[in-house]
Each structure stands twice: as structure tokens, then as C-alpha cells.
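Enquirer: Here it is, the structure in full.
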């Protein structure tokens, strides 16, 4: 029995910060994917200019508010399963799900920020 799990991803996320000199574009890839339960899944996020480690990852399920997974690029929010991990600094960031579970079907967002989210 094929237990493929689709995961929707946000392909492009533009955010504006009023105290920055120019807008920083955040681009995620892939824009969508299909994976099986147990697979290792990697989502990347690229900033148009360096943002140090001021990056958060969110998970949003239909009809629910976004849930913070990771902040400061690699710090796991309390209560988030250890199969989620984040890495990167500067312009290139990665969210990894080490072993995909059915409950991980969601939309995933990266977001830059100026201080703790």
C-alpha cells in the first residue's frame, strides 16, 4: 500500500520590515512535493541578502494558526518533535524533517525577523 504524503509549501514569501533600507525577498523551494511516510524531507529558504540567523520556520495546517517550529535558524521550539531541525545562516537556510509522519502534512513557511519571534 502506497502511503504517500503530499506536503504543500509556500513558493515565495515577501516580507517587509520598516526599519530596513530595502525589502528582503525570501524564496522557498521546492514549491510543492510528494513524499512517503518515513522519508527525509528538506525544504530550503534563501534570503536576497544576509539576515544572520534571524529566521523562523512555521507549520500551518488547514483552518489552524501557524505554529512556530524553529527560531534563530536552528533552535527547536519547545514541544516540537525532534524529527524537525533547522540549519543555515546568512542567506541559505534549511528545514529538515528526518522521518516524515502523516501528521506533518501542512504548509511550511520561513520568515525573517529582526529580533526573537
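Glycine is no exception: its Cβ is also placed from the backbone N, Cα and C atoms.
Grabbed the feature section from Swiss-Prot, which reads as follows:
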type     : residues : note
SIGNAL   : 1-22     : signal peptide
REGION   : 23-45    : region 'Framework-1'
DOMAIN   : 23-117   : domain 'Ig-like'
DISULFID : 45-110   : disulfide bond
REGION   : 46-56    : region 'Complementarity-determining-1'
REGION   : 57-71    : region 'Framework-2'
REGION   : 72-78    : region 'Complementarity-determining-2'
REGION   : 79-110   : region 'Framework-3'
REGION   : 111-117  : region 'Complementarity-determining-3'
Enquirer: Just give the helix, strand and coil counts over the region 'Framework-3' (79-110), going by DSSP.
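Expert: With helix first, then strand, then coil, the region 'Framework-3' (79-110) has 3 helix, 16 strand, 13 coil.
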Enquirer: Does residue 45 (disulfide bond) have same-chain partners at least 6 apart in sequence with Cβ under 8 Å from its own Cβ, and which are they?
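Expert: Those within reach of residue 45 (disulfide bond), by Cβ under 8 Å and sequence separation of 6 or more, are 26, 27, 28, 55, 57, 88, 92, 93, 94, 95, 110.
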Enquirer: Would you mind checking how many other C-beta atoms are within 10 angstroms of the C-beta on residue 110 (disulfide bond)?
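Expert: Taking every protein chain into account, the count is 27.
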Enquirer: Taking a Cβ cut-off under 8 Å, which residues six or more beyond the ends of the region 'Framework-3' (79-110) line up next to it in the same chain?
Expert: 3, 5-10, 13, 26, 28, 35-53, 55-61, 66, 68-70, 73
Enquirer: Would you mind pulling the DSSP three-state label for residue 45 (disulfide bond)?
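Expert: The three-state answer is strand.
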